[in-house]
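A short worksheet on the structure shown next.
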């Protein structure tokens, strides 16, 4: 069952895209803005909306850590924003200045991919903010992209109907005519599936297009075998072009949005339609599942974003984490609970490492890159980074669920370490507020002018936070 729990109606024009992090929802629009909302209560963050693009914003996406938000626009640029305070970190200009239609971070946040209307594909180095590689699709605009789970390959979809597989050196490895009238969106599930013919691990990919179809594919990414793409099936149900598709966090469901104004949720294994949602009054342009919890966001040309709560019999991988936390605090998890969490996060290969070191919930939360290398003997830097990223997501989920709201900075929505009182009477994290007032003299909470930029330490609040943290460690 899917229940509409909230409608966001802040954009003044078509909603083009929406994207989740572990704690926020970002939306972008033809009105040139990006808006960012807290998942705890769906209120807009103080620094939102983000303004700076000269024309329509077509796509937005969070980095894996959620600390950076990327947005791309008809103005031919991709912008990077700090999600803690809304500062614009960089403006990346597409070669040729063509309108940028889609952007996506690689899973390890090494690259940011930007695709444009002239067919150009650019990989930006996220650390240096320099162009790393560029290429071009044949005979159409680039409309869609998705990275492989390991980040070494990516897929693009074009208005000519082609799906193209590339490696991170921008070499074109495979091309498939997938949708006669053009590809509009594609997504790759992060959970592998086994192919009974040869035992190799394939990943599921979904693509949709102007031909009214959603197609499921099995895709193999392997350096020693090359890439392989196998057609699996077509999902029917829409009566008009399908503009968006996305997998749930465990790959067991696919959601799609269409010109027919409907949203359909399918069961991946059977292709059966589980839910049809028809509350939007114009074309549905975007849809996304939350990575941690049973939430779905859908956006439309009716200028709204609708938030849906899914009542699932079998929770997805990220949802398992949230449900376990609500019943048993993570610090109280047993070794078996930790093993179950690892499996749910697609980290089953490390269960033996954790069990040999008797890692329970408290031990899990205290792990560092040093202990992963020296004690658990996880040799690969990339694998250690992946484990640490999942642990950080778990910590962030715990904070967003259990921290008293008065302990969270209104700007960053993170637990305050050095709270200060501003002249508007509200308390903020010192660094966040100092960054805020360095570029403006208004209150983040009221938007009224600040009569003084003086910040006073809030020692009472700091003591209360310290006492609360002590109770969480017991």
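Cβ atoms here come from the backbone N, Cα and C positions, even for glycine.
Mean pLDDT across the repeat 'WD' (50-91) comes to 96 in this model. Per TrEMBL, the feature repeat 'WD' maps to 50-91 (among others).
Annotation comment: TrEMBL describes 100-134 (among others) as repeat 'WD'.
For 146-167 (among others), the entry in TrEMBL reads repeat 'WD'. In the repeat 'WD' (146-167), helix, strand and coil residues by DSSP number 0 helix, 14 strand, 8 coil.
Counting residue by residue with DSSP, the repeat 'WD' (235-276) contains 0 helix, 22 strand, 20 coil. Marked as repeat 'WD' by TrEMBL: 235-276 (among others).
TrEMBL lists 277-311 (among others) with the feature repeat 'WD'.
The feature domain 'SAM' is assigned by TrEMBL to 333-397. Across the domain 'SAM' (333-397), DSSP assigns 47 helix, 0 strand, 18 coil.
Summarising the annotation, TrEMBL assigns domain 'U-box' to 402-474.
DSSP states for the repeat 'WD' (277-311), grouped as helix (H, G, I), strand (E, B) and coil, give 0 helix, 19 strand, 16 coil. Under DSSP, residues within the domain 'U-box' (402-474) fall into helix, strand and coil as 27 helix, 12 strand, 34 coil.
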